[in-house]
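Participant: If you look up TrEMBL, you'll see 17-156 marked as domain 'Cupin-like'.
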Amino acid sequence: ELGWTESIPYLDRPPSPLEFYREWVSPNKPCIIQNAISHWPALKKWTLAYLREVVGAKVVSVAVTPNGYADAVFQDRFVMPEERQMPFVDFLDIVEKKVTSPNVFYVQKQCSNLTEEFPELVCDVQPDIPWMSEALGRKPDAVNFWLGESTAVTSCMYYMALQGFCVLSTE
C-alpha cells in the first residue's frame, strides 16, 4: 500500500546515528527498528487501567471512521476522520468493548498530541530518540500518541514525527 515493493527490513537494535543516516535516511529506505525504546517506563506502565487512572475523564480529540482508515487513501480517495471531543474514559470504554459502536474510534491527532493533550504521560517516555535526533540534526517536530481499537489501522504507537519513514516497534 505504501508503494514499496520490497519487504521492509527489521533491525533488532537501534543503529548508530551515522549508520541510520547512511543506510536508511539518505537513500530514503524504510525500516522497522526493534528494541529502540525498551527502556521507556511507558512499555510497562501504559495499561488501559493506568491510562484510565492517569488521564481519566479529561476531554480529548478522538478520530471516528466507519472502517478504521483515516488520513489515508481508501478506495482511490484520500479520507479524513470525523473528529470528536469526548472524555478519555468514554473512549477507553469503547476500546475495552464495554460500549459498542458500528464505528471505529482511535486517538491519532497529530501535531504533538502527546505533549498537548496528554501531558500526564510525557514523563513515561523520552522527549526524543537521541541517536535519531543526532542522525537528523534536529529534535522531533512533533511527538504523537496513538491508541485505538483492534479494528483501527493504528492500534497503539508512540510516533516521532521526523523526516523519512521509520517505525519503532515494541513487538
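Don't overthink the numbers, they just go from 1 along the chain as shown.
Every residue gets a Cβ built from N, Cα and C, even glycine.
Quick one: how deep are these features, and who are their neighbours?
Facilitator: Taking H, G and I as helix, E and B as strand and the rest as coil, DSSP gives the domain 'Cupin-like' (17-156) the counts 47 helix, 35 strand, 58 coil.
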Participant: If I take every residue in the domain 'Cupin-like' (17-156) and average their pLDDT values, what number comes out?
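Facilitator: Looking only at the domain 'Cupin-like' (17-156), pLDDT averages out to 88.
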